[in-house]
Amino acid sequence: MANSGTTPPVISAPVVGLVGNPNSGKSSLFNLLTGLRQRIGNFPGVTVEKKSGVLRLEGLPDVEIIDFPGAYSCYPTSLDERLVVQELTNPEGDLFPDAILYVADITKLDKHLLLFTQLRDLDLPMILVLNMADLAKETGLIVDVERLSLQLGVPVIPVSARENEGIAELRSAVTDLLRNPKKYRPEEPFYEPGAQARDVLADLRQELPARNDYHALLLTHHASWLKHIPEETRHLVQKARVSRGFHSLRAQVEETMERYDTFEPIVKDSVRRTGVNASTSDRLDNLLTHRVFGPLIFVTIMLFLFQALFAWTGMPMDFIEWFFETLGSGVRDTLGAGWLTDLLVDGVIAGLGGVLVFVPQIAALFLFISILEEVGYMARAAYMFDSIMQRFGLNGRSVVALISGHACAIPAIMSTRTIANWKERLLTIMVTPLTSCSARIPVYIILISFAVPEGSFLGMGYQGLAFAGLYFLGILAAMLSALVFKLILKSKERSFLMLELPEYRTPVWRNVGLTVWQKVRTFIVEAGQIILLISIILWGLSTFGPSADMAAAEANASRISVEQSLSEDDAADLLASERLEASYAGHIGKFIEPVIRPLGYDWKIGIALFTSFAAREVFVGTMATIYSIGSADDELRIRDRMAEEINPRTGQPVYNPATAWSLLVFYVFAMMCMSTSAVTKRETGGWKWPIIQFTFMTALAYVSAMAVYQLMA
Amino acid sequence: MPFPRITAASHFDVGTAGTIDRFTNENLAGKLLDIGVRPGSRLRIIRKGPFGGSWYVKIDRHCMALRKQELACIMIK
């Protein structure tokens, strides 16, 4: 049945694919095998997040391990699953693995072997990894590994990624497999295509770039969307399917049933259950998914989560703040006054400090969310809120995105790939950026102090309540926007829940740690780059200006100084502010000012808004740059500098509650993150949706901020 | 309590269990089969979701959330 015998004895740059059902513990195994030698990139063409890593084996070149997304079968329903089929049916592709480590949950062999038998029939060298071996002992499961291996025709290695057991055996099995891949090829297929499929294959077998009959069959099923199938072949396939009356869905059901019939006896033969397991998971679910207590517990967990976020991160945040202040004054003392010092201290260090101070909160948020995910709670939340979500045009699975969106919209949007229904997925992508991501935290904290007085009510601080209110406002806006989109967009596609509720498990701390580390590192690197860039540009724009304007500003400043006989310090401040107004940044701010005046903003805030559209976390750094220029007093923090700002027209502070609230509301709603727009474009496959998303969010922000200002002023 | 005759799973109360006989919708059948729900599996209704709509069921030993419409196409004997 195999048509190629060209595999060299030792592969030069071996690629091993890690494949398995969702919840098989595949990623734990991946983390264990590769440690920190991981790269996160994109799958070519499809731009779905790709995790790959390096496995070092004795006597072999570095092995690339690709952690494929979880899939149930070769008949994909979600984008994640499509990717697996796409890559595994394309032997010419870069990601086509030389061998597969198929990961199955030892306690769910009766389900997890379906995809295994399908991939086996694609004629790929394979090892069956039985993960969660530790659970087998607990639940009284006895697996006759040798018998299973004999009947399935592949090496079977029980491991526990959680307990770090069986890894040495697995490594030596992989070594052996890569040395003699031929030895690991199947002798006979698990499934022979039925009568109908045989007819259509008779027509197409020669036309399709297939390694064997089953490969050809899968191409026949999926030719219409597989990227490596040329257009003319697609037509051929379509014609043959019609003329032979090939019914894809029926053929799939028939194949699946037959496969179950083949491997079920094998599982029964080699797996024995001793004793009944009244599992703790069931007892937990009696409470956690209870009709009344379930949602209440969910709300409590969320409240606790956000409370903890602010209560537990004070100390590291104070430390980081102190560090950057010390660094700033250190640099100023060392370098002395000058433009480079201003750029470094006011632009770069203040800007970086303003954002990095929130790393503890961001880390904590990712920590909590990945724990909820690891434990298995997210699936329960999806189950409980599915019907509510449906009313808003979303899916139960959208809950996961809406919760993770509070950390960062980017991974949240990527998590929607498990939603099979396109409309539900699109809606989730569109509204997720309305939830308050961690980049909004710095903006909120600075502005809330101007918007809300200190003090407390029933033991809860006003400012804390306002903070919670902003989060709630984000969620509310997300749900209501989804409802509006639901009414506008029409779709006949069926929607599914069909959600697995995996057993509760204590989290694997290695996985949690790795996730937090990767996310925080990405945040620091990306925020760092953009802040550095924008600080420099902004500094340039606010220091230089059209020469005629700058000269006029200087002349004007010195004239007023003489007229009003100002002190030396005041004269310097006046000069600086006149210069800022005449600079390029000032021109930009002035240009925007008429548009934002109804919102209660002046041209300086205009500059901050302008830069924030790159990434909202830039706000604090921009404020630092704008308000520090010319100020002789370097000891003040950004907040204090803002508090000193006086509106020249009214003589009142610029940051009064009305303006602060208006700004807050603007930052809750506005789409101010280029990275999110880029991800939306990637995930929706074009510019249409990111543009709509940007427009509706920004329009919402503008109108609401105006309403707030006009009502309060 | 066994189901009296072949009926859709969505008609049954919490706590009832039966064996899956067949599916009445091919589209759903493909997906259900993929996640391990198949004729011969034992289905038990554990509880209904807090806001209706989605039900918590056990298929053989595995927990799963299915919507009422999804259960409506699973025939139980």
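From the backbone N, Cα and C atoms, a Cβ is placed for every residue, glycine too.
Nobody curates TrEMBL annotations by hand; they come from automatic prediction.
Feature annotation from TrEMBL assigns GTP binding site to A:20-27, A:45-49, A:67-70, A:131-134. In this view, A:Pro69 (GTP binding site) is surrounded by 24 other Cβ atoms within 10 Å of its Cβ, with every protein chain counted.
DSSP assigns A:Asn31 (Mg(2+) binding site) to a helix in the three-state reduction. Long-range C-beta contacts of A:Asn31 (Mg(2+) binding site), restricted to its own chain and to partners at least six residues apart, with a cutoff below 8 Å, comprise A:Gln38, A:Ala161, A:Val508, A:Arg510, A:Asn511, A:Leu514. The Mg(2+) binding site annotation in TrEMBL covers A:Asn31, A:Thr34, A:Gly35.
The feature domain 'FeoB-type G' is assigned by TrEMBL to A:13-180.
The annotation transmembrane segment is assigned in TrEMBL to A:292-312 (among others).
Packing against the transmembrane segment (A:348-372) from elsewhere in the chain are residues 301, 305, 308-310, 312-313, 316-317, 320-321, 323-325, 327-328, 331, 378, 381, 403-404, 406-408, 438-439, 441-442, 507, 511-512, 515-516, 519-520, 523-524, 527-528, 531-532, 534-536, 617-618, 620-622, 624-625, 628, 638: each is 6 or more residues past its ends and has a CB under 8 Å from a CB in it. Here TrEMBL flags A:348-372 (among others) as transmembrane segment.
Taken from TrEMBL, the feature transmembrane segment applies to A:426-452 (among others).
Annotated transmembrane segment per TrEMBL: A:464-489 (among others), in sequence order. Counting only same-chain residues 6+ beyond the ends of the transmembrane segment (A:464-489), those with a CB under 8 A from a CB of the stretch are 306, 310, 391-394, 402, 405-406, 423, 426-428, 430-432, 434-436, 440, 444-445, 448, 451-452, 457, 664-665, 668-669, 696, 700.
If you look up TrEMBL, you'll see A:523-541 (among others) marked as transmembrane segment.
Per TrEMBL, the feature transmembrane segment maps to A:658-679 (among others). Within its own chain, the transmembrane segment (A:658-679) has Cβ neighbours under 8 Å at 409-410, 413-414, 433-434, 436-437, 439-440, 443-444, 447-448, 450-451, 470, 473-474, 477, 526, 599-601, 605, 609, 612-616, 619, 690, 693-694, 697-698, 700-702, 704-706, 708-709, 712-713, counting only residues six or more beyond its boundaries.
Outside the transmembrane segment (A:691-712), and at least 6 residues removed from its termini, the chain residues within Cβ reach (under 8 Å) are 429-430, 433-434, 477, 481, 598-600, 657-659, 661-663, 665-671, 677, 680. Feature annotation from TrEMBL assigns transmembrane segment to A:691-712 (among others).
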Mg(2+) site, defined by A:Asn31, A:Thr34, A:Gly35: further same-chain residues with Cβ within 8 Å of the Cβ centre: A:Phe30, A:Leu32, A:Leu33, A:Leu36, A:Arg37, A:Gln38, A:Gly53, A:Leu514
A:Lys26 (GTP binding site) CB neighbourhood, other CB atoms within 10 A: 25
Listed binding-site residues (A:Gly20, A:Gly35), ranked by Cβ neighbours within 10 Å, top entry: A:Gly20
Residue, out of the binding-site residues A:Asn23, A:Thr34, whose Cβ gathers the largest set of other Cβ atoms within 10 Å: A:Thr34
Mean predicted confidence [pLDDT] for the domain 'FeoB-type G' (A:13-180): 88
Length of the line joining the Cα atoms of A:Pro69 (GTP binding site) and A:Thr34 (Mg(2+) binding site), in Å: 17
Three-state secondary structure, A:Gly20 (GTP binding site) (per DSSP): strand
Protein Cβ atoms within 10 Å of A:Met132 (GTP binding site), excluding its own: 27
Integer Å distance between the CA atoms belonging to A:Thr34 (Mg(2+) binding site) and A:Asn23 (GTP binding site): 19
